[in-house]
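Remarks on the structure that follows.
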């Protein structure tokens, strides 16, 4: 984490989506001490009001600078910030941006304050510094608000905690109040230990939930001997609400209403989707590889009633015909996607026009399903370089070609992409833009975006209210409604409005129109929000203002100059009236006399190729290459040189540019000398540390070490390997069994137990003797965990969350707990269930390993390659004098079992040697 100043303090708190960060900036943690830090977040009907309060004291003997640094979600609006120093409050004042800059420039001589900047995928960073006298105390308080959006069926609050020091009073409280009722609630943490879990309490009833985290000093410590904190990571709350057949809920508070609408009772409308893929040279390498992976997965998720096209462009856009998503066509398209290569220029204009032409031609020829929806998904990573390159002209061409008939979604890959250009083009055509961050999970980001739009349930959705009942209503017409999302409309009740607010929502299903009728009694709804414990005053009015401002700002992107001026004027007025820091306003922060008198906090706007100090949300690292051509080899390393049998080898193997390793010299100890050899070695294993650097012999070196010529090199002893799996067998004469897969290749069903509601499959690579991936699927809760050598992906409600191996994880949901420790052991457990473990094994036979615990919970329905050993297993008598061989009968089939030395991987690398009965399958 970045250090901002010689002294300071900190805590990173993220709540998306709620998010806040107070980060340590001190090299001397005892000087600036955080003695109290509290987070209070009240979520009332999806609208989150978060207050972060930090109290610090300067324990040093000199003046110290304390830097208050926080991260908050990009869609959140700061509403207040203040500092209390020696009993005097220094508030932040929100003003029009131009006026705030003028005030600041008068003090700072025109220098930019830079108090808020974009930092991550979903976050912005706020920071302010103040000098603190010895023994003086400072209280910082930041308030921000956000409407939580429903994403793939869940609302999410995320807290990222990194105090970097022990805090005497650390407390986080999250109150959730949902009048519709909370259907499920789950928590996840990347720092939680069993001891810390005792500081977490969750209470919940039908409509309310309270989550409190209040660790003691001892619970925060890494160990009793260390004064360092273990708090370093994420804490996440996910939930959803109950829904009626109508899918809607009208809620009223203090003269304002909000209407939530999310029906999920029909099958999806057939869709016709054109994927326009940038295959220009700038996409080569990791980008095009991840694009191929995502496309193959997305194609497999197409519905049988869907139609699709693939359009790639690389200087010229090749034409491809529209096809139905039949199994044959999907497999053909997957093969095509797997062969996509990056080369040439970026021809956005022609590729986009061709995509529209394909849809129009299919429509004219009546090839598209009746009343289906059509949209185009564009993925690109750079500016147009071939054909039409003027962004405004491309936008005009695309807008005229689409003519309101299709929806356009633009995905910008990386930070070199012209995001403002893509955003305007998408919004002008009924879609949206999304940035895809260059990272190990880029393919997952693409897949997740597709899942958001994969299931359109309604089209042309319109909300209607009596004109004598409401006014100043937010957007009430929507082109599409997708499964897992939510449409939100808010407004103001008229002074003489009826006692009952009625509403109609009209939309189109696949083959019919539908109208939803809802009513809400004003007095009853007002009574729902009387409890001050769970709501803050006039929250629904602020929700209405927040939503109105967000929509006005979105409209300015594609508006004409005259329209833009009017939209911005209204958004500015609301921002000032409700004290929101938006792209049109700034917060002027005053300081004590003698310090820099004021600073300005502004809302960053994502409208350029690169946003100043924007990063992907991960730390930056510097990589240094070694300049010399030698390598130091250490004990236990192994190298696999392959040398040509051809004559005339001149200091290097055929097909290799250079060689930087040689075998250890045979014979008595002595100084290491460069050696040459005249015959190939297929493998050389170095089992000791070589004290000198070995270099490649030059071309003129023809002397052979006499001790190597004619010497017999004994083969290295075979390493003890970890088996494919170790199966605990409770209640049998053999307490555990090692199973090696020697004859399997490709997907293997390892376990299937309908009684437990679990299935485990894996992909076995016979040549490498390892699993390349293992997938665990649970029926209740519906969840899938897919582990590869690189990372773990948890999929729930079509939403993917990726985790790196050896990251601490602690997730509790109804019916399942997921944990992972620093050793990389992932455990999936639940009462009265078999515990399934996954491990990325770094020892000999590197690869994924499966662990099983509590196997007595398997039902009589268990089956599979490994599961069969929990059904009707009979061990025969010893078949050898030394009791090293036995026969084991499994479901009537005999298998030979041999007692062998194996590495037990169950506690991680390096493993320990065990004697284990081994069966080869």
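Each Cβ is built from the backbone N, Cα and C atoms, and glycine gets one as well.
A quick note: this is a predicted structure, and the numbers were derived from the prediction, not measured.
The compositional bias 'Polar residues' annotation in Swiss-Prot covers 608-623. According to Swiss-Prot, the feature disulfide bond maps to 738-916, an assignment based on similarity to another entry. Look at Swiss-Prot and you will find 28-146 tagged as domain 'VIT', backed by sequence analysis. Among the features that Swiss-Prot reports, N-linked glycosylation site is placed at 80, 205, 242, 513, 577, with the record citing sequence analysis. Feature annotation from Swiss-Prot assigns O-linked glycosylation site to 712; the stated evidence is similarity to another entry. The region 'Disordered' annotation in Swiss-Prot covers 591-646. Summarising the annotation, Swiss-Prot assigns signal peptide to 1-27.
Sequence features, as recorded in Swiss-Prot, placed on the structure.
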residue : record                      : contacts (Cβ under 8 Å, 6+ apart)
80      : N-linked glycosylation site : 91, 92, 141, 142, 143, 579
205     : N-linked glycosylation site : none
242     : N-linked glycosylation site : 180, 181, 182, 183
513     : N-linked glycosylation site : 506, 507
577     : N-linked glycosylation site : 545
738     : disulfide bond              : 723, 725, 726, 727, 900, 902, 916, 917, 918, 919
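The secondary structure of residue 242 (N-linked glycosylation site), as reduced to three states from DSSP, is coil rather than helix or strand. Mean per-residue pLDDT, taken over the domain 'VIT' (28-146), amounts to 82.
In the three-state DSSP assignment, the secondary structure recorded for residue 205 (N-linked glycosylation site) is coil. Remark: secondary structure over the domain 'VIT' (28-146) totals 12 helix, 76 strand, 31 coil, with classes taken from DSSP. Cβ contacts within 10 Å of residue 916 (disulfide bond), excluding its own Cβ and spanning all protein chains shown: 22.
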